[in-house]
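What Swiss-Prot says about this protein:
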BINDING   D44, S45, D83, K113  3-methyl-2-oxobutanoate binding site
BINDING   D44, D83, E115  Mg(2+) binding site
ACT_SITE  E182  active site, proton acceptor
Amino acid sequence: MRTTISQLKEMKQNKQKIAILTAYDYPTAQILDKAGIPAILVGDSLGMVVLGYDSTVSVTMEDMLHHLKAVVRGSQKALIIADMPFMTYHLSPEQALLNAGRFIQEGGAQAVKLEGGVNVADKVKRIVDCGIPVMGHIGLTPQSVNQLSGFKVQGKTLATALSLIEDAKALEKAGAFAIVLETMPAELAAIITAGISIPTIGIGAGEECDGQVQVISDMLGMFTDFVPKHTKRYADLNGSITKAVSEYAAEVTKGAFPTLKESFTLDKKVLEELKKCVL
């Protein structure tokens, strides 16, 4: 049985931290289930860490549905949350509802995530009113990276901090079940967390959030060119995979792989008969 929205809210009430990770494929989803991760985010971050885009802006509904379906097939226990891509909910509450519905009906997600605060509250309410759980996302919102002039810490001034607090309260009022707080001062995240009844999930927002989410490629060390400040590397998969692939290539080149152990053989009698037929 999958984690429920109510269970996540109970975790906040009981001061039990919520660990969330992204996943984009079947085997990763299986591993996260096995490790006991209660919720999986199929993030539009896949645009950058899987598809090689410069930002998340280029990600489409089709991209998301393709990866979402794979994650759903691989997971049996985690709550699956799907990111709504850029321009799939911005035009109207009806557009937002239709696309959110696709993630639930076609993709098999249990919830969707939208970026924005006051400006998307009407979309959140419309989706929630139709029975689809919504996670909010404020602070650094990657889909607005061009407007924000890059991936920068948000809420560092009094005005912007107050604006983010207003965003959080608007999302709670609209019916969001949780809110991602991304790349903001830890003190501000703590104030927001204490001021709302729904769970806050931090990414670069300090330790006082009700839970944390990380991009799995970052925390597993898949890339060497960039490591976000908010990420702790729990493995060096880039190094491990590079070493393994190099060893494989070297063994193939010198004829050390495959050996008899990795090969299949014919019955001796069949082999003898075969040789008579072809030699």
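Each residue, glycine too, has its Cβ placed from N, Cα and C.
Fair warning: this is a prediction, and the values are worked out from it, not measured in the lab.
Here the features listed in Swiss-Prot are painted onto the structure.
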| residue | record | Cβ contacts under 8 Å, 6 or more apart |
| --- | --- | --- |
| D44 | 3-methyl-2-oxobutanoate binding site | T56, V59, M64, D83, M84, P85, F86, P142, Q143 |
| S45 | 3-methyl-2-oxobutanoate binding site | T22, T56, D83, P142, V215 |
| K113 | 3-methyl-2-oxobutanoate binding site | L41, G43, I81, A82, D83, M84, V134, M135, G136, H137, V180 |
| E182 | active site, proton acceptor | H137, I138, G139, L140, T141, P142, Q154, G202, I203, G204, A205 |
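Residues D44, S45, D83, K113 are the ones the record ties to 3-methyl-2-oxobutanoate, and the longest Cα gap between any two of them is 12 Å. Fewest Cβ neighbours within 10 Å among the binding-site residues D83, E115: that distinction goes to E115. Listed in chain order, the extra residues whose Cβ falls within 8 Å of the Cβ center of the 3-methyl-2-oxobutanoate site residues D44, S45, D83, K113 are T22, L41, V42, G43, L46, T56, V59, M64, A82, M84, P85, P142.
DSSP assigns S45 (3-methyl-2-oxobutanoate binding site) to coil, not to a helix or a strand.
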